[in-house]
Amino acid sequence: MDNFKDNETDIQHLIISSLEGTASEEELLVLQKWLEESEQHFLLFHAYRQDWIQAGCVQRYQTEEAWKKVEHRLFHRMSVKHLFLWTRIAGYAALVVLMIAVGYVFMRRDQDKDQAYVVEGNIEPGGKKAILVLGSDEKVVLGDEAEETLLAGNTTVKKEGNTLVYGEKHAKETAGEYNRLITPRGGEYAVVLADGTKVWLNAESELHYPVHFPEHEREVHLKGEAYFSVSKQAGKPFVVCVGDSRITVLGTEFNVRNYQDEVVATTLVKGAVRIHDAGRECDLTPGQQAVIEADGIRVREVDTDLYTAWKDGYFIYREKTLEDIMKELSRWYDFTYDCQSEELRQMTLTAKLRKFDRVEDIFDILKRTGRLDFATHGKNVTVLAK
């Protein structure tokens, strides 16, 4: 069950069977294995919860009763290592029931059809969700719950709104311990590190960082995209590692984009940074962007808002190709897409979009060019020439 999308119907059947009390021992073990396989499976639970709440298909008492049945029949099988995680996830009962009820309705409705039932317009904006992976490999699902205190190994981490906050006074007991913050497609989150540096993590990204920074260095590792507001500490530079490149700062604000199949781009808003890559280096001043390419580091003057607006709830595009726009929108709204032609992919657009608007409203704005249209089938979007 490595690929959820390829086995979604099987998983839905297993969950339904477990709730109905008809699942075999073997089926329960398969379901347990799938739930333990990766952080992404737990994040899928959280994403489904949001859809389920909006769908309003099941009353609260039904949700709770269904969860109790799952808990009784499945959770006692979990290893001690995963029991901590399941305790954290218990608050997300509706996530499982969404998969059950929606999947059950669709399968019953279409059990005699050759093609799967398709829901129109079920693409929702992203939200505040992530997984915190502790040094022990235990995982904590994060969402938009009330403020609380989390135990991360030997330290205490406060969850204030949609931000994790590490305290320096607690972190001194955890030298050498690392945490990871992972956001899925359709998710974003923020963290205040032990030194006071704040990091906003964009969708489909990962930040690897120490619970406590050593005496003479501050180093983190990034996959995806993040905005950094670095706390200034004399003689203790802050280093962001992205692949083979290193970005060194003392106190500054900057954005780093490091998605798979894209070049590494660092955009400086305030202060100064130094880029190191394969023996080459360059210094940036505010308003500059460094792009690491195969033949060197290219520096140019940019409007920083174009590259940092995502942190403040917007997507801003200026003469951007439709391919690049759809790639970013699909990452945030968590859909797949296809363009009818290469000409459409290379079409350039200028727009300012609110990232928490409905995807239908986003597409309406893009359609105002009069040159394109969108066909949505479930979470699949086709871009058409008009």
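Note that Cβ sites are derived from N, Cα and C of the backbone, with glycine treated the same way.
Note that the coordinates shown come from a computational prediction; the quantities given were computed from them, not determined experimentally.
Going by TrEMBL, these are the annotated features:
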TRANSMEM  83-107  transmembrane segment
DOMAIN    180-274  domain 'FecR protein'
DOMAIN    314-383  domain 'Protein FecR C-terminal'
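Helix, strand and coil counts from DSSP across the domain 'Protein FecR C-terminal' (314-383) read 25 helix, 29 strand, 16 coil. Per-residue confidence over the domain 'FecR protein' (180-274) averages out at a pLDDT of 94. Per-class residue totals from DSSP over the domain 'FecR protein' (180-274), listed helix then strand then coil: 0 helix, 57 strand, 38 coil.
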